[in-house]
Structure formats: C-alpha cells, structure tokens
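**Student:** Okay, so TrEMBL annotates it like this:
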TRANSMEM  A:37-61  transmembrane segment
DOMAIN    A:207-415  domain 'ABC transmembrane type-1'
TRANSMEM  A:211-233  transmembrane segment
TRANSMEM  A:240-257  transmembrane segment
TRANSMEM  A:298-317  transmembrane segment
TRANSMEM  A:338-367  transmembrane segment
TRANSMEM  A:394-415  transmembrane segment
Amino acid sequence: MSVTTDTGQATGPVLAADGTPLKRSLSRALRRQKMRALMLIAPLLIFVLVSFIIPIGSMLFRSVENDIVADTLPLTVVELRNWDAESGELPDEALYAAFATDMVAAIEAKKHTRLGTRLNYEQTGMSSLFRKSGRKLKKLDPAADAPFKEKIIDIDKKWGDVETWRTIKTHSVRLTNGYFLNAVDMRRTPEGAQSQPEDKQILIKLFQRTLIMSVIITVSCIILGYPVAWILANLPMRTANILMILVLLPFWTSLLVRTSAWKVMLQQQGVVNEVLVWLGMVADDSRLVLINNQTGTIIAMTHILLPFMILPMYSVMQTIKPYYVRAAKSMGATDWTAFWRVYFPQSIPGIGAGSILVFILAIGYYITPEIVGGTKGVFISNRIAYHISSSLNWGLAAALGTILLAVVLILYWAYDKIVGIDNVKLG
Amino acid sequence: MPDGSSSDAFVAFERVQKSYDGENLVVKDLNLSMPKGEFLTMLGPSGSGKTTCLMMLAGFETATHGEILLDGRPINNIPPHKRGIGMVFQNYALFPHMTVAENLSFPLEVRKMGKSDREAKVKRALDMVQMGAFGGRRPAQLSGGQQQRIALARALVFEPELVLMDEPLGALDKQLREHMQFEITRLAHDLGITTVYVTHDQTEALTMSDRVAVFDDGRIQQLDPPDTLYEGPKNSFVAQFIGENNTLEGVVTEMSGDKCVVKLDDGELIDAKPVNVSAVGDRTRVSIRPERVEFNKERLQDGAHTLKAEVLEFIYMGDIFRTRLRVAGNDEFIVKTRNAPDQVRLQPGQQIEIGWLPQDCRALDA
C-alpha cells in the first residue's frame, strides 16, 4: 500500500506507528469485521431485495409507466404529434395509414385488446371499440388498401370522432401522471388536468375516510389500552404474565375467524343487539345497525389492533419505577396530580410507539373493512385491492398505493418533528 | 427499649406491627418516640424491617396493628400527600421529564403557591445545596452527587417539619458519601428538622445521628446515642453489627456486682463485665473491641486474667495496624493498634499475652 504524500508533514493527519495515516490504518483494521458482518446479513439482505424491494419498486413504477400506447401504435403516435388536437378536425390520411399498419401488426400479436382495456380506463367504450374493430381491421392490407381514412371510419364511426383520437393522443406519452390524477379524482385531458365528473369523485373521500377512521381507531386503542397496560405493569410479574396471555390470545386465532366473530356479535340479530333488546335498552323494532358500516369497522379493527397498542405501552410503563409516583405523593400531590404530572408524561413514549404501530397498520388494513365494512366502512386499501384483482387497472392501484405510502411517510416525518422519534420506545 | 410514653414526642410508634402475607410479621411490636429536631437513624441488615417502618411513617404502607402518631395526631388513615413529610428516596426519584427547577417547584405547585413565591423558594433551596446554577438542567445531565443534592433540596423546599431519608447515599462513592453525610447533618441541624434516616451502613449511622435504632428481626434491638451504642452494646447482635468486634464463648463461673469471671470453652478464665447474663452457669458470648485489647503488660491491671495468643497476620493499614491472632481457639481475633512511633509491630508466629480492662469486655447473651 502506498504512503500518502502528506505523511511527512507535521500538519498532516495523525499517523499510525508504521507511518500510514491513522484513519486508513483503522479502516483497514475494521474492514474484516465489516465484511464478516455483511456476510452474516447477506442472506436476509438478498432475500429482502429480491422478494420485497424489487417488487415494491416495480409496483410503484407502474403508477407512472405507460408504454402500452407507444409500443402498440408506434407509427400512429409519431403521426399524432403532428396533429393539432385543438383544431377540432380529424387527422389526415397519413395518420390513418399509420394506424392501419400499427393495428394489423398489433392484431397479429393479439395486443390490441389490451390497448383497448388500457384506454377504456380513460374513456368508456374504448375497449369494445378496439375489440370489435379488430376483427375487420385484420382484413386490411397495409400495402395495398390505401387510402384508409374512409375505410376505417366505415368500420366504426367512432374512428371518425375527434374525441377518440384526442384520447389516444393524450395517453400516448411513455411516462404519465394520469394514474396519479385519477387517484385524486382528476383526469388527464388534452387541456391539462381537470377534475373528474362529480359522480366519479370517490377516491379523495375514501382517503379522508381512511385517515379519519384510522385516527378514531388509534384513539380508541389508546383509551382502551392504557388502563390495561397500566394494570399489567403494576401487577406482580407472575400475574402480569398470565394476564398477558389474554392480551396475546387474539394473535393465536386467525384474523379471519376473529373478524367473522364480530359479524356474529354485531349483526342486527346478533349477540349484542339481542342482549340490548333483552335488557330493554333498545326497542325490538329499532335494533342498532352495528355492522356493514363505519361503526362495525371501527369496533372490529380496534379489537384487532389493541394488542399492538398495549404491548409497547406495557413495556414502557414497566420501566417507570413506582418511586416516582411515591415521591410525587410525598411532596403533596394527590393521586390524580401524581399520575397526570409525573406518571403520564413518562408513559408518552409508549403511547407514541403504540399509536404509530396501530395507525400505520390501520391505514393499510384490508381484510377487516372488507368483511364488516359494507360500502360505507371500506378503506382505500379495499379500493386498491379492487383495482388489482377486479378492474385490473394496476396503474391506478399503484398510484393509490404510492400516495398511501407518501401519506404515511409524511405523518411519520411530522411525528418526528412534533414529538421526536427518539421519544418512541418499545421497551 | 423505650416505653410507649409519647405525650411530648413529635413522632411516635405505639405497638406497631406489620405483616405483608398474614403469616409473618415484618415489624414486631415497635415502640419508638422521637422529640422534635432529633436526627434518628434506623440501622439494620436488609429485611430487618427498617424500611417498612419508614414507609409506614411516609404513608405508603399501612400498619397491620398499632398507632403511628405525628405531632400527637394519629396518622394511620391520613393519605401520604396530606402528611406533609419530606422524603429523599434511595434512587433520588427525580422526575426525568422535568428540569431541576421544575422538580423543586413541583411540591410548591401542588400547594397552589404563587409563581414569584415559588421561584424565590426554589432559588433558596438550590443555593442551600450549592446547586444554584443548575436549575435549567435535566436530572440525567447531573452526576450522582449532584442528583443527591437536588433530591435533598426537593425534600426540603416545602419546609416540612419531618424529613425521611431512605438510604440516600447508597449509590455514591466513599468520598462523596462522607462529604454528603456531613452536609445532610449540617442542614438538618441548621434548619431544625426532625429527621428519620434509614441505612445499613453503621459508620453512616454513627457519624450522623443523635440516636440510632438498631433493627433486627422486626424489633429495635437497641436505641441509644452512637457512643453508648458502640461502647455499651446490650446484646450480641448489636455488638456484632456495630463496629468490629471480637467474640469468645464460654460459661459464667463467678459473679460479683459489675464483675464476673467467664470460663472459656477451652478452659481459660477471663474477666468481664456482666451485661446480658443473669446467673452463674449461664452460657455467654463475651465481646471485646479490637482497639481495647492490650498486649503491653505494663498497662494491664494487677491480677487481671490474661490469655495466650499467637500472631497469625500483621496488616499495615496506614493509620492503624491490624493484627490477627489466634486466641482460645478463635483464629479471627483482631487487634487494632494506632500507628505511633513507639508502637510495637507484631510478627507472625510470635507468642504473646493479651488482656483488657474488665469493663471493656462485655458478657452478653449467647
């Protein structure tokens, strides 16, 4: 290893005994350790990279990726660039010729229906237009059958509609913000971003509902979990461990079973309503609607997420020594003052950790709202699932997922700014 | 043990018993009365009931039986926050989420004191423990000794008449501990506070207290000023627990007034002062302090019984010499001598004769 030039200078870096700079000596000495540490985590690192980071990355990329139009209709897209969408006139013969060439090739490769599906997200009817026209367009010969404009408009008069071409032109870019605009109830038009028609605006509302209900669930968990954690932390170890089993018991039961149990409990002929009617607190003909709405989602999710609140609270409270409260009382504080001024502030890190856990879990929850939420109690994640598995609009699903991720990160950042993330303790 | 006469006492325990499990008594029939302004230390091994007594006085434990009086009033049913007793905890119990000044201000705030009064009192209390510049710090930023001072200031800031201290110096190093012992006693006497101090460190108890209550097995074994306690232990436990002590076992063979002769188990005879033996034939443990053992024959009284001893070990400790002897079959017999110019340094293997004044050798219970 070569010696650096400044080793001989008095003002240079500190040198090790053999004359090499101390920093380099040190890093050489630590290299073996670092390599060994890296080797130890390598299997997990590779696993996480392959099975998590890369899929998530590619999923997130789908929210802006829009190669399908440009790949399926390469010549048409070039021609569309020359066409002025604002003119209100149909494109010229050159474009129709390019379109015929592209479509014949696409039909050959059976790609035209996928393009139709893609464009159908933006304008209804596009899917059937491509599917129906496909059969007839296939018979055209791009070399011999010119001119095409008339023939193509004959096949379906929608090809003679300026709107159709405007839609194709608008969505021909390779990277689009269209999915994100859709995700916030807007759409990409030739005139720029515009809001969706009133009856299609549901996603912003769904985001708001998801956030508000997650907050309600988190607060319910704090209110219900705090006293439990307090009792557990103040009981003798043996008793606390036994009671802790009750807290952890739900983890040993399938999530689906627990959620379904709430259906039994909460429905109008269910246990809760029967008991209330039997007690005479609710009239038989006005049974409470506790399920298939927001109430049902809040009740079931609070129950399911409660352990995630109790556990961090418990482990933080365990570290709060009883002599603090005693000291406060010896100084003249009442039970309440001693709790509020001395015990509670020290338990905040536990509340913070529990709240972050519960809130982040709640905001992305899917299965419970799906089962007990009906239409009014579903979350944004249910919409994402719908677009992934039913409408197959993966781009929109990816955009919604990206926004959800961003919201969580922003809230996390805000929490760090306001409360301080070093103030979160899991024990 | 003092009787239950507590009419003019500031703090009094009357026939107090305490049990946690309903089977064993942790405190058995405790009677104690303290005048105002006294510095009383509860000393004893762990599990002797001393901390339980303190906690009953503070109100964190309730007495199973008996009465605790504060200034003539029974306080058994008064909750801790209404007792107005200052307390210093073993781990200081400074509130970690508050600054030093906020910690001190807390007892004043809960007493609904005005802001300017509070600030003045906090400042005075901090100055009192020489921590005036630390009001804005957090407890975690202070050293152990500084936290100790703050804890002390916090217990005194609301001017309680009674202050309880539960092994407050246990976590400090030796030098700091000695310094704080002095400081606590000075403050307690200057402010005229009645103090109950719990410790298991006998040096601390002897140097700080007006009176020391030695606890063992849930009872007060002896309650006396430090010098009486050290020089006149009333039973073997106290003799053993306070200071260093040499023990020899035997049977009383003669008894005449304040003198008796004890026949040790190996047949030798020694003179002793009967303290806790009643009749000839009683088994006894005689106790001699290491610094009262004499091996210079000229200083022994005529006719005093002496014992043969063999020097086993000589330890140089700077200010004193500590010599281990074998005496009457006991290998752990210690003699302490002052490091003076004319002092004899005994050599291991040397055969000597030792003796003592009869009043320094106390015949206690076996």
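In case you wondered, yes, glycine gets a Cβ from its N, Cα and C as well.
Annotations in TrEMBL come from automatic prediction, not curation.
For each listed feature, how buried is it and what is near it?
**Tutor:** Taking Cβ pairs closer than 8 Å, the transmembrane segment (A:211-233) reaches residues 240, 243-244, 247, 294, 297-298, 301-302, 305-306, 308-310, 313-314, 317-318, 320, 347, 350-351, 354-355, 358-359, 362-363, 377, 379, 407 in its own chain, all 6 or more past its ends.
Long-range Cβ contacts of the transmembrane segment (A:240-257) within its own chain (Cβ-Cβ under 8 Å, at least 6 residues beyond either end) map to 228, 231-233, 303-304, 306-307, 310-311, 314, 367-368, 371.
The list of residues near the transmembrane segment (A:298-317) in space but at least 6 beyond its ends in sequence, with Cβ under 8 angstroms from a Cβ of it, reads 213, 216-218, 220-222, 224-226, 228-230, 232-234, 244, 247-248, 250-251, 255, 258-259, 262, 266, 290, 346-347, 349-351, 353-355, 357-358, 361-362, 365, 368-369, 371-372, 377, 425-427.
Away from its own ends, the transmembrane segment (A:394-415) comes close to residues 59-66, 121, 178-180, 182-184, 203, 207, 211, 352, 356, 359-360, 363-364, 380-381, 383-384, 387-388, 421 of its chain (Cβ-Cβ under 8 Å, at least six residues beyond either end).
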